[in-house]
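**Student:** Copying in the features that TrEMBL gives for the protein in this structure:
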type     : residues           : note
ACT_SITE : 304                : active site
ACT_SITE : 363                : active site
ACT_SITE : 386                : active site
BINDING  : 426, 428, 475, 480 : Ca(2+) binding site
DOMAIN   : 296-389            : domain 'Transglutaminase-like'
């Protein structure tokens, strides 16, 4: 009716001046109540929003943006917008009970000029009934899933009309924004720690470091939804989701299933028959999608590197820079003494029930990057966070974020869980002997037993980067000793450093090259040195035991006594051999063994003690691409494996996955005879261009940690 009325009026007034006509037109239109017909969030992967916000790699066409940065949207109205008479504002709401005071309900007004660090919108373009808005969010905005509505009314105060957008908005942390507390100022580091969807995890022992490729897959279909689901299931109030310290602490708890039905069930028993062996995973994607699709049923099973890989995925997906970190000779301090304690009886036999502290061959956790305004200046940057359930923190299995700088300097009173991580990387190993009256005396200390070769994947390459210097001062330096003694004052045994001891005989264990191979005899060298000008005599008690990588000993498989006579200043090398036949039926996951040496020097009563862990190296899966790697065109890869053992492997299964190449799946191989070779060919069609990794792992009860990777560069058709 209004349009028809306008048309006749316009004909009757053709003689009027053009300015009069436009005014009349606007007058007539403004008599129509303004309403929104549709909202276009401009959420295409290739559009300005997703490109500028570095979210174009995420799967799907939702609007995924980062806080503290401007984004655009278009509104289609039922008539042109008149700034003189019309009012318009946006509402963005997150959580089940959005409140302005909690930061979960943002009322976004129209303004003339955009100013940073607050919710506001500005009209930047008008074209007929279409209006383009530029919208600002603060750098402290709550992260998560938002609903959007647009409310229109007139300046006269008439009833408002609200239009709800059919699409949601996902808000993430922003490492590109200087005001965001997760800001990382190096573009190459942002590419690695936020945008790289594959990486390397390190395992083994410090002298035999192994590595495996891991698909983080943070941009893969369904992963962002799974990460938001984890936050929702955590019972953290949405108002807490603006603070990365809170979010990381919650993620650390939610990645393990202990006490909160989180993502992964930990299992170190060796029996994984009702789930997937931890060593068989090579990707976070299947784990997170399975957890989400079953509405939060924990996935079986994980160990430390799996917990860490999934944590890296979740943090990078949410926009928090993160990396997986491996610590070799990683202490597990159970009594907050900030020392790793080993107890012997009067005959120098270990007292098993007291030896609850353990040293893991390796342990994998995470670093994440953020400012720490809750701590004294200088403690921002890398923070350690650990999702493997080891000890409770404030009643929940979680750990961190602990400032890596605070760990380095021994400031263990700074939150969160700094004493536990300090002990993992820099506790001294203290040996105690029971006296006849039942008390214990400190008989030996190893100041360099814990926290070696702390490793992470290098920025921009698949090389290993050693970051030990970030976690501790150089071993033996005055700064390192001060840090250890500072930390110990806050532990349960503050007086442990009061009695230095004279020692002139040393014992250490060495291995050649990369160390013993699975299926062959294990050979090590014991080096005993006399640093005095007098002869020395001792008897070394040696015991080798099968060990879980967590440092828990299963059973001793060889014991012997080795008499050693040393001339003044003499060094003696003793060759030590463990035949394959003695260990072949004894091994557990990770194929790890620990050699314990102890003895007392006859002349001085000095105690000698040394514990050396080593692993039996397993072969790789060899993966060879076949054919051209072109998007949309079938190609193949040959996977070859040679059994290193002289016995048949039963029920061998390969797990194969490649982001942008091949969905994760299992291939049942069956039995593989002793020393025999098996080859299978995988056919697949690449879906994404660029450098890709095809990852395969072998799952078999008798042999674990066998895996391989092929680098494939896919080109567009």
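Each Cβ is built from the backbone N, Cα and C atoms, and glycine gets one as well.
Where the annotation comes from TrEMBL, it is an automatic prediction and has not been curated.
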**Student:** Within 10 Å of the Cβ of residue 363 (active site), how many other Cβ atoms can be counted across all chains shown?
**Tutor:** 27
**Student:** Under 8 Å Cβ-Cβ from residue 428 (Ca(2+) binding site), six or more apart in the same chain: what's there?
**Tutor:** 339, 340, 445, 446, 447, 449, 450, 484, 496
**Student:** Can you give me the same-chain residues 6 or more apart in sequence from residue 426 (Ca(2+) binding site) with a CB-CB distance under 8 Å?
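**Tutor:** Result: 407, 410, 450, 451, 471, 472, 480, 483, 484, 487.
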**Student:** If you draw a 10 Å sphere around the Cβ of residue 386 (active site), how many other Cβ atoms fall inside it, taking every protein chain shown into account?
**Tutor:** 30
**Student:** Please identify, among the active-site residues 304, 363, 386, the one with the smallest Cα-Cα distance to residue 475 (Ca(2+) binding site).
**Tutor:** 363
**Student:** For residue 304 (active site), what is the tally of other C-beta atoms lying within 10 angstroms of its C-beta?
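**Tutor:** Residue 304 (active site): 28 neighbouring Cβ atoms within 10 Å.
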**Student:** Could you tell me which of these binding-site residues, 475, 480, has the greatest number of Cβ atoms within 10 Å of its own Cβ?
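**Tutor:** When each Cβ's neighbours within 10 Å are tallied, 480 leads.
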**Student:** For the recorded Ca(2+) site formed by 426, 428, 475, 480, which further same-chain residues have Cβ atoms within 8 Å of the site's Cβ center?
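**Tutor:** Output for this site, in sequence order: 427, 447, 448, 450, 451, 472, 473, 476, 481, 483, 484.
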**Student:** Across the whole of the domain 'Transglutaminase-like' (296-389), what does the mean pLDDT come to? Round it, please.
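**Tutor:** Mean model confidence (pLDDT) across the domain 'Transglutaminase-like' (296-389) is 90.
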**Student:** What does the structure give for the C-alpha distance between residue 363 (active site) and residue 386 (active site)? Integer Å is fine.
**Tutor:** 10
**Student:** Round to the nearest Å and give the CA-to-CA distance linking residue 386 (active site) with residue 304 (active site).
**Tutor:** 9
